[in-house]
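Asks: According to Swiss-Prot:
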BINDING   19-26, 81-85, 136-139  GTP binding site
BINDING   THR26  Mg(2+) binding site
DOMAIN    10-209  domain 'tr-type G'
REGION    19-26  region 'G1'
REGION    60-64  region 'G2'
REGION    81-84  region 'G3'
REGION    136-139  region 'G4'
Amino acid sequence: MAKEKFSRNKPHVNIGTIGHVDHGKTTLTAAISAVLSRKGLAELKDYDNIDNAPEEKERGITIATSHIEYETEKRHYAHVDCPGHADYVKNMITGAAQMDGAILVVSAADGPMPQTREHILLSRQVGVPYIVVFMNKADMVDDAELLELVEMEIRELLNEYNFPGDDTPIVSGSALKALEEAKAGQDGEWSAKIMELMDAVDSYIPTPVRATDKDLLMPIEDVFSISGRGTVVTGRIEKGVVKVGDTIEIVGIKPTQTTTVTGVEMFRKEMDQGEAGDNVGVLLRGTKKEDVERGMVLCKPKSITPHTKFEGEVYILTKEEGGRHTPFFNNYRPQFYVRTTDVTGSITLPEGTEMVMPGDNVRISVELIAPVALEEGTRFAIREGGRTVGSGVVSKILG
């Protein structure tokens, strides 16, 4: 009998495994799918299936990522796992796989390692809001005190990066042992630990707010003048809903303007409203065509503001990815492509950093020559003469 399709009537959450190389991220991903598949909540995925991750291109950057899906009693999950450390860095910075929360895998035998720290920092920088911890390889540690010590270290590390370390759920277990149990058709103590982990994920990582329930944000792609009707701006609604009669703001590049929506159209048909994901034309009352341009955004009043200065976490493409062949230095002036337009800006490198090489990821400060609607979490590309040389995310607004 064919396995029935996953039901879509449960809330959907995006998560991923993060942590140091060889601490068991991929084994845990396989174990979750194996244990849940015994309950009819997932399709069994082999370790090798997950580890041989297909390469994807996101904004010209090659990233190897495995996507699996599974369910718990309460939710439907899409889970990302990356084979290499560089893939995580690229994935998190480009937002190729947005995560509503992450499972941090730490080997109980080794404790936190350099990439453990780096992934927690990246999660903080790119806005992964919640972390649940799986202390893996607990079968290799006989000393209960040692387990407690590792748990304390993890909590301190989370606190250091402004995650609530003291309240974070930490479940210890063995992904490999759970995988072996599930494959042997048993529900043993290690499988129970995987279920305990998924219960923690279910309860600790909140269901994300749907895009349609957020404040309106629509990047403007084009502007037309329709005689006798006024100015129409077109674009894809990123979040929220736009309705006829709404008061909205036009933000970015020029001083902020306030106007009223007099019409919404999709595929040349009049609509009462457009919502997140729709490509629409929005008719604006009393707005002149020359006052609006590509790169501005339509938004709910006061929900997003224009800025020229920000801090960002960026990944610089390698030569093989079509990026620069040479490093860049302080005061480098590329274009920053935010949503629909390029704005020139100058880069200030962190103290003690002389230059940035292709393939590096680094925290930079940027000053743009024109204000753009920005908030923490806004993604951008760094371009030079129309080609992408880097990808980034706003981690902090400076002015």
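Note: Cβ is positioned from N, Cα and C throughout, glycine not excepted.
In terms of burial and nearby residues, how do these features look in this structure?
Replies: The Cβ of ALA138 (GTP binding site) lies under 8 Å from the Cβ of ALA108, LEU147, SER172, GLY173, SER174, LYS193, each of which sits 6+ residues away along the same chain.
Long-range C-beta contacts of THR26 (Mg(2+) binding site), restricted to its own chain and to partners at least six residues apart, with a cutoff below 8 Å, comprise THR17, TYR47, ILE50, ASP51, SER66, ASP81, PRO83. In three-state terms derived from DSSP, THR26 (Mg(2+) binding site) belongs to a helical segment.
Tertiary neighbourhood of the region 'G2' (60-64): same-chain residues 53-54, 82-84, 87, 90-91, 94, 96, 315, 317, 321-322, 388, 391, selected by CB-CB distance under 8 Å and a gap of 6+ residues from either end.
Long-range neighbours of the region 'G3' (81-84) within the same chain, counting only residues 6 or more positions beyond its ends whose Cβ lies under 8 Å from a Cβ of the stretch, are 16-17, 21, 25-26, 29, 50-51, 53, 63-66, 68, 91.
Using a Cβ-Cβ cut-off under 8 Å and counting only residues 6 or more beyond its ends in the same chain, the region 'G4' (136-139) has close neighbours at 23-24, 27-28, 105-109, 147, 172-177, 190, 193.
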Asks: Going by DSSP, is CYS82 (GTP binding site) part of a helix, a strand, or coil?
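Replies: Once the DSSP labels are grouped into three classes, CYS82 (GTP binding site) ends up as coil.
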Asks: What is the pLDDT of the domain 'tr-type G' (10-209) when averaged and given as a whole number?
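Replies: Per the prediction, mean pLDDT sits at 92 for the domain 'tr-type G' (10-209).
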Asks: Name, in the order they occur in the sequence, the residues of the same chain whose CB lies under 8 A from the CB of GLY19 (GTP binding site) and which sit 6 or more residues away.
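Replies: LYS25, LEU104, VAL105, VAL106, GLN115, THR116, HIS119 - these are the non-local Cβ neighbours of GLY19 (GTP binding site), listed in sequence order.
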Asks: With DSSP as the yardstick, break the region 'G4' (136-139) down into helix, strand and coil residue counts.
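Replies: Going by DSSP assignments, the region 'G4' (136-139) contains 2 helix, 1 strand, 1 coil.
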Asks: For GLY19 (GTP binding site), just give me the three-state DSSP call.
Replies: strand
Asks: What are the non-local neighbours of ASP22 (GTP binding site), defined as same-chain residues 6+ apart in sequence with CB under 8 A from its CB?
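Replies: Correct list: SER107.
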